[in-house]
Amino acid sequence: MPSMRKLWIALTFLTRIPLPQPEQVTSEEFTQSQHYYPLVGLILGGALWLALTLLLPHYPPLVTAALLLALELILTGGIHLDGLMDSMDGLLSARTPERMLEIMKDSHVGAFGALSAMVYLLLKFSLLAGLLALSSPLVPYLVLFMPILSRWIFLIGVHYFPYARAQGFGQGFHETSRQTRWLFLGEGLLLLFLTYWVLQWPGIAGFILATLFILLFTRKVSRLLGGLTGDLYGASIELSELLFLLGAFPLLYP
């Protein structure tokens, strides 16, 4: 079952859900597995939706929002948040592009990374708590769609900007990604339709804001560094989730 294998590859790559690692993954399989990233987002979003549905009747919005954040970090292992911290350590260091890349590669978290994570988590927690307090029927579906859309949006950087390092997991994407760009765009149009069908204009506003922000962010960083890195892909996932909630909130707020 090639499709299930590609979903398996995508799941073990983007999450820390306890699954056995697939054996002998080829470069072609790894590249093609990217088309299953939104399905990985659906699994993550489904878990968050279920948790929200079970928790909100028994806990206040602040507690529910904190537990949702914790669950997402557990399911992903915090790998995307780690990418955000490493990216901010490098980008905010005000060093040369070469030195920024070296800082990103360092596994130790610096002050800029720690502060960025704190601000990010505070903003995301506040948005989730604020949305949950609105009691809108769309809010559970915003939480469901958040990881789905973010796993598509970050691929903008994969398809349209070079990889900054000579080696790394992202390099394999760029060797064969040109032939899949039309499919990638088709997937985006399908997600846009589904977002409007389920979430109407609040979802569309969040989707557009997140997509435009990541497009501009990856374009600017790619020009600065000569390309993107795995850490920046992780940062794009986290930032697109935040921007999605930020864009949807005003259209739901009374």
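Yeah, the Cβs are placed from backbone N, Cα and C, and that goes for glycine too.
On a predicted model such as this, the values are computed, not experimentally measured, just so you know.
Positions annotated as transmembrane segment by Swiss-Prot: 36-56 (among others).
According to Swiss-Prot, the feature transmembrane segment maps to 61-81 (among others).
Per Swiss-Prot, the feature transmembrane segment maps to 114-134 (among others); the stated evidence is sequence analysis. Same-chain neighbours of the transmembrane segment (114-134): 52, 56, 61-62, 64-66, 68-69, 81, 84-85, 88, 92, 142-143, 238-239, 241-242, 245-246, 248-249, 252-254, counting only residues six or more beyond its ends whose CB sits under 8 Å from a CB of the stretch.
Look at Swiss-Prot and you will find 138-158 (among others) tagged as transmembrane segment, backed by sequence analysis. With a cut-off of 8 Å between Cβ atoms, the residues of this chain six or more beyond the transmembrane segment (138-158) that come close are 14, 34, 37-38, 40-42, 44-46, 48-49, 52-53, 68, 72, 128, 131-132, 170, 173-174, 177, 184, 187-188, 191, 195, 198-200, 202-203, 206-207, 210-211, 214-215, 218, 222, 228, 232-233, 236-238, 240-241, 244-245, 248, 252.
Annotation source Swiss-Prot lists transmembrane segment at 197-217 (among others), citing sequence analysis.
Taken from Swiss-Prot, the feature transmembrane segment applies to 232-252 (among others). With a cut-off of 8 Å between Cβ atoms, the residues of this chain six or more beyond the transmembrane segment (232-252) that come close are 79-84, 86-88, 104, 120, 123-124, 127-128, 130-131, 134, 136, 138-139, 142, 145-147, 149-151, 153-154, 156-158, 170, 199, 201-203, 205-211, 213-214, 217-218, 221.
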